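Heads up, the thing below is written out as structure tokens.
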Amino acid sequence: MAQKTFTVTADSGIHARPATTLVQAASKFDSDINLEFNGKTVNLKSIMGVMSLGIQKGATITISAEGSDEADALAALEDTMSKEGLGE
């Protein structure tokens, strides 16, 4: 399993648009990809799951991937977080 922790830097946190961007990026991979926030873990391929967390600016989140393309998935999601200005 590969994982990376981020601090959310987007002013509006992870609301509908950024959640959709992350879900689309995660859905390209076969690995199981999860997002953990505040003790809750959701499937990062589920828009409703991600939005249900109510992630605000300054929050610490962990994205984990497990499967045949886990390293590629995590690298792509890290790139998405950075390019979209969502976190670091």
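Using the three backbone atoms N, Cα and C, a Cβ is placed for every residue, glycine included.
Since the structure is predicted, the reported quantities are computational estimates derived from the model, not experimental observations.
Swiss-Prot gives the label phosphoserine to one of Ser27, Ser46, namely Ser46. In the structure as shown, the Cβ atom of Ser46 (phosphoserine) sits within 10 Å of 16 other Cβ atoms.
Counting residues per DSSP class in helix, strand and coil order gives 31 helix, 25 strand, 32 coil for the domain 'HPr' (1-88).
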